[in-house]
């Protein structure tokens, strides 16, 4: 295979921290190469060097036979390196069509932006990728998360790319869209494009990779063909020690019904949903993005108002006027988007942990009892093994996984009766993920009613005693015991009946 | 994904650096001024200096609270709110013959009302603070002119009210000892020790996360604008006690000074970060600088420009410190 | 938070709502004209309207400039004092006998240079635009004060097109304004520079990742604001006839108001100069109509301040409601 991108001796440090050290690999034309590694292993830095965001401190890159030393993302893009970043980056107040062609608008001979040609190319592209053409005229911020991600992938694909880099593109896509994406990757690879694919999902490997490399602490820890992609072995390379990925789950002894909804309806999102969660059990809530899962959770938490139906908490009617009412009833909610809904970025780890618990730590005049607060934060840092040098360490200095643990600690510190977790492990590394999954099962076994919203099916199957499946705002299935299988969940999700 | 680049020093260290820097700057400026002018260190001059600082200190405090509250928070209307409140107090004291002390109380409440207009439009209606307070800057300033037909009001030299602005206790001007110092002490204490301070930082850094943590974000933000208005009115009360006249242009241009002091004090313009004790030190820097320029017979109009330079310089400095710490 | 996906069967109706949303400002304008035509005699006469054009031409160019930086998610509150500085220099050179075309060129270059100071601080110094321009506004005020040095500069229009001259009843400066707005509207829609402004205003970091030269474009926008201020300064001289110590200060707020009332998003990346022209017309006609109705001039500031606040509130709230409807129907 002709090499399209080869990299050798690549290094990059930020201050005293080495993010990438002496990394080398070769990507062939038409090859699909998966890049694996925990958060902080240097994957994103590696990509950003190739994409021209960071200049490397040392090392060589050769793109299609010529030295590749991009001075900016723009020159890298012009050279044929196209990237879909993990954080969707788009232009919310522009139309989808304009989003597609930012920075490379088709121009006529007079140098004017050629709107007709742009429109034509956009339509052709969307047809080719099987994306609804009418999306083109919509404003980007009027699209769902998954539609936005599809548009971004379309944008990256439309570039005459030699190398396409996808940084965890599937984390917000639904299964159908993921399959569409795999097909796109397949076609590009057949056309000779080299694909670098970053993922945390092992089950995707066989679909998207011919070969994979593993990064650990910024160094190359492995480079193997996909045929040798054995999950245990990859995990071992990523963490440097054998990991038992399976979590231990003792049988549930469900107690009283803690949360119950009946006929719950939220306009445009949730229709006529019945759901119960008992103390001591973990209940999973699965469905496609946009199926109404998050809206259901937000309704229970008092953020959204139902238009019909009832909710009961611990047997009592529950009609929250806001999150505070829900909290007063012992409900805790871990939101899906850590960055915008979770952490307080300017603040230290301590006050991030105690944010919700704070009212109980106050003396007269609203003065914070500081010793007590510090003790509480320290105990949670220890219990969840949050890697923070001190409670006063800025939360944004923690890795993504440990930020998530901090938020988990914030909710657990309130000793909730009902704990709702929305995508608790999205985009975090495997070790931390397993850790959080294990904890949430333990919390349930201590008597808390736990409701987990997740798009990660293996995760739900691993932690849940029962699983609800939502589809287009309605409850499509409730599965437990022997009925709770991957196949059954997927069938319910797709609306396929036996 | 965060790269492994952890800052070596904690956030707290960084902030205290800024305060150390400001303290050194105050001393250095003071030394420079006393070298340039033998009058600078005379007790009487030091007093006059702090008298001047009391008013803009109150405005800077309100401004800092609003900026800390985040989401582009800024209050451009503080100067005009001061003018209008001062005029209202004049109307109460002169035209209605109200006791100046009582008029002062009513005026502070009126200032909170002016602030609540900003607060309502920003927090309840979700309009951009920059535009909202720019239009109230215009509105309040024009109202002050309309109410007096461009003239000035008095009626404050009764019942010992002038003592608030013109006397000194143990050598410290009354408005500093009885108004500015308690206000700053209270605010700094609240910021560091109370739930209110914590919530202020929470809504300032992420108001969506704060809402999910059970904080009534809109209510708190609304109150910040009310506080800013009330503090501006308090500034008007102090001004009236000091000068014994209320002019419709009393507060013109003061929003610039207030923002300058807040930014120089290390309040991050995007909210949630910065310490009110830093603002107090920045106030000292600006007061020393202004007074020194006054002694050097540099006029007010030129001082405006120098303040502009200080504002831009302080912002550059913020960025330099921020970049060094994160890089 | 997650947006919901619902099949787009209601698309036509959503399009109607979008149309309605965009038609708000024209509707307001028509209502205003009808009101003043009834309430203020002489409002709807050619002579009066020509006056309005002549009196707001300098403001129009400032507002056009401010639109560019607001599209970038920036702001420029220094345009008024900047105009004062350029007006003083232009008027002084003109009075000293410099050839008019040269005065025009120098004014535009000086404005561009002052704009470059703002651009340099925002782009190179990474200072937020509001702080930068608050600071430079203060500096420009002082510079004008020092230049003025207790002496007013009296001057007439530098060239006829930048003064109150009319051709067949049509004010020439109105044609200048229309030409500037036409060119800017074309640039924003059909030139790459214009598209870049929109992209940067939406997400500067994202634009950079796609190869948009963010720094260069933003800098150019601030310089362009300065150049527009340069032209506006000469129109100001032609209109007022004298440059005093605080010349131009009063123009900052109305310029920003015109942009915002016009509906260019203060968040950046949405709007345009033609909207600003609409917003400007709204404000200029309001000021004019109020005076014709016999309200004392002191009240002018109150009414305009209130009108701006109300217009912004009305606009934002209506659009939010419509957006919600559009979102729900999506």
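Positions of Cβ are set from backbone N, Cα and C atoms, glycine also.
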Which one of these stretches, B:203-223, B:224-244, shows up in TrEMBL as transmembrane segment?
B:224-244
Tell me if the transmembrane segment (B:76-95) touches the transmembrane segment (B:130-148). I count contact as 3 or more CB pairs below 8 A, with pairs 6 or more residues apart.
yes
Contact between the transmembrane segment (B:46-69) and the transmembrane segment (B:302-321) (3 or more Cβ pairs under 8 Å, separation 6+):
no
Sequence-remote contacts (6 or more beyond its ends) of the transmembrane segment (B:250-271), Cβ cut-off under 8 Å?
15, 18-19, 22, 55-57, 59-60, 62-64, 67-83, 86, 137, 141, 204-205, 232, 235-236, 239, 278-283, 285-286, 304, 307-308, 310-311, 314-315, 318
List, by number or range, the same-chain residues at least 6 past the transmembrane segment (B:278-296) whose CB is under 8 A from its CB atoms?
15, 18-19, 22-23, 25-26, 29-30, 32-33, 36-37, 39-40, 45, 48-50, 52-53, 56-57, 60-61, 64, 184, 188, 257, 260-262, 264-267, 302-303, 306-307, 310, 314
What same-chain residues lie close to the transmembrane segment (B:168-190): Cβ under 8 Å, and 6 or more beyond its ends?
43, 47, 50-51, 53-55, 57-58, 61, 65, 196-197, 231, 234, 238, 241-242, 275-277, 280
Looking only at residues six or more beyond either end of the transmembrane segment (B:76-95), which have a C-beta under 8 A from one in the stretch?
55, 59, 62-63, 102-104, 106-108, 110-111, 114-115, 118, 130, 133-134, 136-141, 143-144, 147-148, 152-156, 158, 228-229, 231-233, 235-237, 239-240, 245-256, 258
